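Participant: My questions will all concern the structure given below.
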Amino acid sequence: MADLSLDELIRKRGTAAKGRLSVRPGIGGVRSRVGIQHSLVNQPARTATFQQRFDARQKIGLSDARLKLGVKDAREKLLQKDARFRIKGKVQDAREMLNSRKQQGTVPQKPRQVADAREKISLKRRSPAAFTSPPIGTVTPALKLTKTIQVPQQKAMVPLHAHPAGMRINVVNNHQAKQNLYDLDEDDDIVVPVPPKQMKFAATGSLVHHMTGLSSSKLSMSKALPLTKVVQNDAYTAPVLPSSVRTKALTSMSRTLVNKEEPPKELPPAEPVLSPLEGTKMTVNNLHPRVTEEDIVELFCVCGALKRARLVHPGVAEVVFVKKDDAITAYKKYNNRCLDGQPMKCNLHMNGNVITSDQPILLRLSDSPSVKKESELPRRGNPASSNPPAEVDPDTVLRALFKSSGASVTTQPTEFKIKL
C-alpha cells in the first residue's frame with residue numbers, strides 16, 4: 001500500500017461510506033449508482049485491510065464480559081451447595097473433626113511468661129517509694145480456690161522465715177481489686193520466738209484482737225480486715241466444712257420426717273449425695289482400640305471444662321465434667337456418634353441415676369432438683385435401721401380406700417338379693 005496523505009484517506013473513506021448508505025437500487029440518481037459501481041470495484045482490497053485491523057472476534061475475545069465479571073459455571077455452584085455434602089458434613093466421623101482441629105491448632109503460640117510473685121515484690125521494694133528496710137515475711141498473692149463452697153474465711157499462703165529478734169507481719173486487704181501490702185512500724189512489731197525451722201503459725205485468741213486493733217489504728221481503716229489463717233504451702237488442706245453442714249442438714253431432715261431422734265451413726269452413707277465439686281461423670285463404651293486418652297480429651301474439651309478424662313482400658317473411657325450442663329451437651333452430641341467407624345455408647349451418671357445410651361428420654365426426668373432426692377434418702381434408709389416398721393391400722397386403710405371406717409362396715413352388713 002502506497003503512502004497516502006491524510007486528506008486522500010479521508011476522501012476515500014467518505015466515498016465508501018456514501019456507497020454503503022445507498023445500497024438499494026432505484027433510489028438516488030446516476031451519481032449514486034456510479035458511486036456504487038466504483039466502490040464495488042475497489043471493495044476486495046479494502047475489506048481485507050478492514051478485517052486485518054478491526055476483527056470483531058478479536059475484540060470480543062479480549063473484552064469478554066464473562067471474563068470481567070468472573071462468572072462461574074453453574075455446575076460448580078451446584079456442587080458447592082449440594083445437600084448430600086451438607087448431610088455428610090454434619091454426620092462426619094469424629095476422627096475427621098479431630099484431624100481438622102489438629103491442623104488448625106498447628107499455629108505456634110507464644111508461651112506466656114509467668115512471673116514469680118517474689119520477683120514482683122522485689123521490684124516493688126527496689127522502687128524509691130518502698131521502705132528502706134526490707135520486710136522479713138513476704139506475702140504471695142491470694143490464691144483463687146475454685147473447689148471450695150462458700151468458705152467464710154479465705155486462705156492466704158505466707159511463708160515464714162526465722163529472725164533472731166522478731167518477725168514482721170503483713171496484712172492483706174482482700175476487699176480491694178489490687179492487693180495492697182501494708183507493713184507495720186518497727187515499734188509495733190509483735191515479737192514471737194520462732195525456731196530456725198519453719199513451723200505452722202495460726203493467729204488465734206488474743207493475737208487476733210491485737211492484730212485487728214493494730215490494723216484499725218495504724219492503717220486508719222473504717223472496717224476491720226478479715227484475718228486469715230496462716231499455714232505453710234505444703235501443709236494446706238481443703239476445709240471440711242461443707243460435709244459437716246450437709247450431714248447436719250440430713251440429720252434434721254430425717255428427724256422431721258420420722259419424728260424420732262436417731263443417732264448420726266444410723267444415717268445412710270454420704271456417697272449418693274453428690275456435691276458440685278465431684279462433677280458429672282460420663283462413661284464412653286464401644287471405642288475403637290486405637291483411640292487414645294489424648295483423643296478423648298480433645299474430643300470432649302469442646303463441650304466444656306473437664307475435671308478429668310482417662311482411658312480406663314482399651315474401649316472404655318471415663319470423662320468428668322465440671323458443670324452438669326456441659327455433660328448433658330456432650331451426651332447429646334456424641335452419643336451413638338461414630339469414632340473410627342464405631343458408634344460411641346455414652347452413659348451419664350447424674351444424681352445417682354445412670355442414663356444409658358438407649359435412654360435419652362431420662363435426661364428430662366433427671367433434671368428435677370436434687371433436694372427431693374436428698375429428702376428421700378433418709379426415708380429409704382429408715383427401714384434398714386434397727387427400729388421396727390410401724391404397724392398399719394386396718395381402719396385407716398379402709399378409710400383411705402372406701403371413705404368409710406371399719407366400724408361402719410361391721411355394723412352395716414351388705415344385703416344380697418338373688419332371684420332364681
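Glycine is no exception: its Cβ is also placed from the backbone N, Cα and C atoms.
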Participant: Annotation phosphoserine per Swiss-Prot: which of the candidates SER127, SER368 has it?
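Facilitator: Out of SER127, SER368, Swiss-Prot attaches the phosphoserine annotation to SER127.
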Participant: Which stretch, out of 14-35, 212-233, 256-277, is listed as region 'Disordered' by Swiss-Prot?
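Facilitator: Matching range for region 'Disordered': 256-277.
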Participant: Give the distance between the Cα atoms of SER5 (phosphoserine) and LYS417 (SUMO2 cross-link), rounded to the nearest whole Å.
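Facilitator: With distance taken Cα to Cα, LYS417 (SUMO2 cross-link) is 142 Å from SER5 (phosphoserine).
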Participant: Could you give me the DSSP helix, strand and coil counts for the domain 'RRM' (280-351)?
Facilitator: 19 helix, 30 strand, 23 coil
Participant: If you average the pLDDT over the domain 'RRM' (280-351), what number do you get?
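Facilitator: PLDDT averaged over the stretch: 91.
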Participant: Count the other Cβ atoms sitting within 10 Å of the Cβ of SER5 (phosphoserine), across every protein chain shown.
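Facilitator: Excluding its own Cβ, SER5 (phosphoserine) sees 8 Cβ atoms within 10 Å.
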